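All remarks here apply to the structure that follows.
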Amino acid sequence: MMSFVSLLVVGILFPAIQAKQFTKCELSQVLKDMDGYGDITLPEWICTIFHISGYDTKTIVHDNGSTEYGLFQINNKLWCRDNQIQSKNICGISCDKFLDDDLTDDMMCAKKILDNEGIDYWLAHKALCSEKLDQWLCEKM
């Protein structure tokens with residue numbers, strides 16, 4: 001009985017990571033403060049994120065010996081730390097923080113990436129999100 005009570009308390013105090021599949025309009029609302037940052041418009045961000053993660057915070061992609069996490073597909077070699085490889089951890093954060101529904105830390109790291117690498121860090125941007133962006137606007141905002 002004591003084990004069950006202990007497990008119940010742990011479950012209440014430490015809930016599971018809450019991942020989220022955003023819609024275009026939900027994500028537009030959350031990311032509105034990124035509009036214009038580094039001269040990147042909100043529709044450019046929405047388009048890029050759609051193509052790299054499908055608006056899904058739990059997206060993990062393994063590529064060339066590294067791993068990319070979350071909506072912004074932030075790489076573990078430079079930007080965040082995990083238990084897989086040695087990382088510079090420039091954003092000073094655990095990679096698993098990019099898998100939850102709190103995008104505050106994701107946006108802070110994405111801005112740092114943009115400042116250091118530019119928008120071309122996200123390959124989908126140049127190929128798919130640099131023109132004809134009307135479809136990425138949310139009329140509900």
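The first residue you see is number 1, and the count goes up from there.
Using N, Cα and C of the backbone, Cβ positions are placed for all residues, glycine too.
A quick note: this is a predicted structure, and the numbers were derived from the prediction, not measured.
As recorded in Swiss-Prot, the features of this protein are as follows:
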BINDING   LYS97, ASP100, ASP102, ASP105, ASP106  Ca(2+) binding site
DISULFID  CYS25-CYS138  disulfide bond
DISULFID  CYS47-CYS129  disulfide bond
DISULFID  CYS80-CYS95  disulfide bond
DISULFID  CYS91-CYS109  disulfide bond
DOMAIN    20-141  domain 'C-type lysozyme'
SIGNAL    1-19  signal peptide
Please identify, among the disulfide-bonded residues CYS47, CYS80, CYS91, CYS129, CYS138, the one with the smallest Cα-Cα distance to LYS97 (Ca(2+) binding site).
CYS80
Cβ-centroid neighbourhood (8 Å) of the Ca(2+) site, LYS97, ASP100, ASP102, ASP105, ASP106 excluded:
THR57, GLY70, ILE93, PHE98, LEU99, ASP101, LEU103, THR104
Could you tell me which of these binding-site residues, ASP102, ASP105, has the greatest number of Cβ atoms within 10 Å of its own Cβ?
ASP105
Looking only at C-alpha atoms, tell me how far ASP102 (Ca(2+) binding site) is from CYS95 (disulfide bond), rounded to the nearest Å.
13
Tally of residues which DSSP labels helix, strand or coil - the domain 'C-type lysozyme' (20-141):
56 helix, 14 strand, 52 coil
